[in-house]
Amino acid sequence: MEPTSFVLFGATGDLAKRKIYPALYNLFVDRKLPPSFSLIGLGRRELSDESFRANVELSIRQFSRRGADNLSLIKPFLQAFRYSVLDISRKEDYKKLLQMIERREEELGISSNRLFYLSVGPEFFETIAANIQESGLGSPNGWKRLVIEKPFGHDLQSARDLNRKLSKAFTEQEIYRIDHYLGKPMVQKLEALQQNPVLNALWTNHYIANVQITANETVGVEERAGYYDQAGAVRDMFQNHMLQMLMMVASHIPNNSDSEMVRFKKKLVMEALEPLQKETVKASVIRGQYKEGMLQGKPAAGYRSEPGIDSASMNDTFIAAKLHIDDFFWRGVPFYIRTGKRMKEKSTRIVFEFKEPSITSQGSADADGKSPNLLVFEISPNEGITLQVNTRESQHKGDFKPIRIDFHESRNDVPEAYENLIYDALNGDPTFFAHWDEVELSWKWVQPILEAFEENLVPLYLYEAGSYGPAESDALLAKDGYHWWFDAKSEKEIETKRGEQQYAYHANY
Ligand SMILES: NC(=O)C1=CN([C@@H]2O[C@H](COP(=O)(O)OP(=O)(O)OC[C@H]3O[C@@H](n4cnc5c(N)ncnc54)[C@H](OP(=O)(O)O)[C@@H]3O)[C@@H](O)[C@H]2O)C=CC1
Ligand SMILES: O=C1O[C@H](COP(=O)(O)O)[C@@H](O)[C@H](O)[C@H]1O
């Protein structure tokens with residue numbers, strides 16, 4: 001890996017503290033940082049290098065997956081850290097920054113490879129990119145890269161405007177748009193798994209009845225009312241993370257593909273998505289908002305009573321949609337996607353339900369006692385793959401019973417999404433970053449939904465906190481003879497589900 005100066009805008013912020021420093025430390029421990037590495041943290045508040053390092057250490061103690069007991073390498077790690085005050089709008093601060101970077105590069109004897117990480121609000125992206133260019137921070141004696149956080153625009157037009165402005169200072173190859181779901185290890189595994197000939201052979205409309213992509217969260221709006229009440233689930237999760245997961249499962253990526261091919265295939269999926277019309281969005285999209293309820297045994301407030309939320313807010317905290325990909329592989333297979341806050345349990349997963357001619361509707365067992373074969377990718381909070389197949393019980397010949405072939409990763413061994421993404425950005429590997437074409441096509445596809453919500457052409461269904469969303473989301477699948485898999489409707493069912501899993505047949509592969 002090439003020597004790098006990591007220039008972090010927003011070094012005193014929440015994301016840096018909770019995600020970026022712990023990820024960098026874990027990479028350091030795993031010897032995955034460049035041998036010559038310099039980090040310059042930037043923010044408005046006055047901090048000495050020592051207090052900056054002390055803050056970084058604190059955040060690693062608090063948030064690193066390795067825990068507070070595994071900090072033997074913290075001192076050498078922190079040696080790379082420096083801090084400088086910078087106000088984003090003050091041009092002279094960029095000159096000062098340039099001098100500081102050059103001084104560090106000289107001290108370390110390294111070339112001018114500079115990674116600019118914008119961990120600041122989106123309103124600053126354009127100004128920073130322009131100032132980096134004007135102040136000569138991109139040096140001809142090395143590469144420059146721009147790592148940029150979400151949100152990338154608020155709708156199609158604003159995303160296009162932002163991209164045009166960033167393009168004045170950075171080429172597409174230099175821009176790394178973070179979608180942290182693309183950094184999740186199981187999402188990354190999808191790339192390799194679908195190239196596997198066994199799975200690849202099954203991964204089509206010949207065998208698959210439907211695909212379900214779920215990202216349920218138990219958290220509510222938290223302290224982000226100002227942002228979330230303007231964004232809603234459709235912008236916060238659906239346009240980016242959910243559609244990225246869709247692209248990852250639905251693209252047929254050939255063996256030994258490079259990043260260009262992966263991104264090209266993902267783009268083809270978005271191009272093949274059947275477009276929606278604003279007037280008919282309500283036929284395939286369910287909009288929900290949580291009201292008060294009970295979550296994990298405790299009362300939970302409704303969205304409109306959350307601090308900072310308008311008491312008449314029509315914002316969506318839940319969205320479910322049925323999509324069709326009109327291509328050779330997926331024609332006729334519905335993709336159901338849902339995400340919501342204050343749901344019964346935290347679970348991100350993708351379920352492939354296989355066709356089975358003898359299965360009755362509702363996915364329930366038919367007269368033979370069979371239920372559909374399923375392939376399940378659990379993305380979080382646990383990482384795993386389960387193949388559920390029908391077999392006959394040896395004692396009671398004739399009875400069908402699903403068995404589960406299970407692979408689960410031990411949690412401490414799993415790198416965090418930000419570790420994977422920062423490592424890739426340092427290496428110049430853009431595979432798991434969102435290309436502009438994907439972002440633009442996602443916004444384009446979502447735009448009629450935004451407009452239909454804005455104009456109240458889609459009903460807003462209230463659902464109880466601690467539930468699985470509005471009943472209309474279940475009805476969306478029921479109309480086609482399906483149901484959402486693995487929604488445990490009661491605590492008792494969750495217990496039974498856990499019990500069954502203990503008996504599952506375990507195989508390592
Ligand atoms: N927090 C999270 O979990 C997630 C955040 N994001 C995105 O990451 C980005 C950062 O979010 P987050 O860390 O939560 O935000 P915070 O508000 O916690 O931090 C903002 C940072 O920006 C700095 N800053 C603000 N104004 C200026 C200015 N005029 N000049 C220089 N620095 C400035 C602040 O430094 P100081 O106060 O010292 O000036 C601070 O370091 C946002 O784009 C957000 O959407 C994306 C996903 C998750
Ligand atoms: O980007 C976001 O993601 C989180 C959910 O991420 P996860 O890794 O915990 O699944 C979500 O809570 C947040 O609202 C959104 O901005």
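Cβ from N, Cα, C; glycine included.
Automated prediction, rather than curation, is the source of TrEMBL annotations.
What TrEMBL annotates here:
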type	residues	note
ACT_SITE	His241	active site, proton acceptor
BINDING	Gly10, Ala11, Thr12, Gly13, Asp14, Leu15, Ala16, Lys17, Arg44, Asp87, Ile88, Lys150	NADP(+) binding site
BINDING	His180, Lys184, Glu217, Asp236, Lys341, Lys346	substrate binding site
DOMAIN	7-188	domain 'Glucose-6-phosphate dehydrogenase NAD-binding'
DOMAIN	195-485	domain 'Glucose-6-phosphate dehydrogenase C-terminal'
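Secondary structure at His180 (substrate binding site), taken from DSSP and collapsed to helix, strand or coil, is helix. Residues Asp236, taken from the binding-site residues Ile88, Asp236, Lys341, Lys346, are distinguished by a CB atom under 6 angstroms from ligand 2. In sequence order, His180 are the binding-site residues from Asp14, His180, Lys184, Lys346 with a C-alpha within 10 Å of the C-alpha of His241 (active site, proton acceptor).
Asp236 (substrate binding site) falls within a helical segment according to DSSP. The shortest Cα-Cα distance between Ile88 (NADP(+) binding site) and any of the binding-site residues Lys184, Glu217, Asp236, Lys341, Lys346 is the one to Asp236. For ligand 1, the binding-site residues lying close by, meaning a CB under 6 A from one of its atoms, are Asp14; the full candidate list was Asp14, Lys184, Asp236. Taking the recorded positions Lys184, His241 in turn, the residue surrounded by the fewest other Cβ atoms inside 10 Å of its Cβ turns out to be His241.
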